[in-house]
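Asks: Please see the structure below; I have some questions.
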Amino acid sequence: MAILAPTSVSKDPLSLRTSSNSSSSDLQRISLNPPRIFGSKMKSGKIEQTPSRLLTASNNCSDLTAKASRKPLGLTEELKNNKLESVVETDDGSCLFEDMKRRFLSFKKHKYMENLEHYQNLAEGQAPKFMVISCADSRVCPSTILGFQPGEAFIVRNIANLVPSFKSGPSETNAALEFSVNALEVENILVVGHSCCGGIRALMSMDDEVEKSFIQNWVVVGRDARLWTKAAASKLSFDQQCKHCEKESINRSLLNLLTYPWIEEKVKNGILSVHGGYYDFVDCTFEKWTLDYKEDNLKEKHGRISVKNHLFWS
């Protein structure tokens, strides 16, 4: 049995796996292939589409810099079947949905048709082994990162991969939990957090006195993780505190899972296991750990939770 304590502070208090040589200041500068971000402006009574381009990301997750490129973007209108259709084209003339169409047809040819029997079986029903709760961040796709194939994982994604407690009331996350645990009878619940999480940053920078937005009303689910982080890592930089909280919030979500009676009962009986995972997309590493359930561990001591099977993939 191992003890996971992201709230304890050492040279590198932010890592579940101790390393004295890593800090947020040591991250190497990364370059991105800039995606298009489409905007619009009004010109002579018409909407003219303009692309913006994400150019650089420095060694600080908060330093993402967006610059606008003012090349005019084609907006063509076609009359088809007596309906006016707008077709947005990129500056090289290709259509976004044409690219999507090619990818779908490639999937159909190389995945679906070559595994037709498997997909026909899935049409009859699903029996995934995993329920995965991950962030909605576009850089964090569980199927891509962890290789889940259709039928293997029931996945729900939300801002900051948070799990509200049972008493918090209905949400899409606990509805998905109820269905996956009670109807699909999954054997594992995996909560996956990640580096540079904007939801956690919003949680850590939230002003309790200011009127809350939709985002703030959601991320407040992680307030316990924020409190533990502020107490344990108050002398660290804000970026380091955010990274600390990214991991702490996963552990709080694991504990929140046990507030659901039907989850705790299955965990207690060894039918269901709950796991935490942390994906660092800056250096492409993944940490995984499993909550070591014991009734006497439900009452936390000094912010620690007991874990087992703690792995680090790099």
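Sequential numbering from 1, following the chain as shown.
Any Cβ shown, glycine's included, is placed from N, Cα and C.
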Asks: If you check TrEMBL, which stretch out of 1-31, 94-124, 280-310 is marked region 'Disordered'?
Replies: 1-31
Asks: Setting Cys135, Asp137, His194, Cys197 aside, what same-chain residues sit with their Cβ within 8 Å of the center of the Cβ atoms that define the Zn(2+) site, listed in sequence order?
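Replies: Nearby residues not in the site list: Ser134, Ala136, Arg139, Val140, Ala160, Asn161, Gly193, Ser195, Cys196, Gly198, Gly199, Ile200, Glu246, Tyr279.
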Asks: Among all protein chains shown, how many Cβ atoms are found within 10 Å of the Cβ of Cys197 (Zn(2+) binding site), not counting that one?
Replies: 25
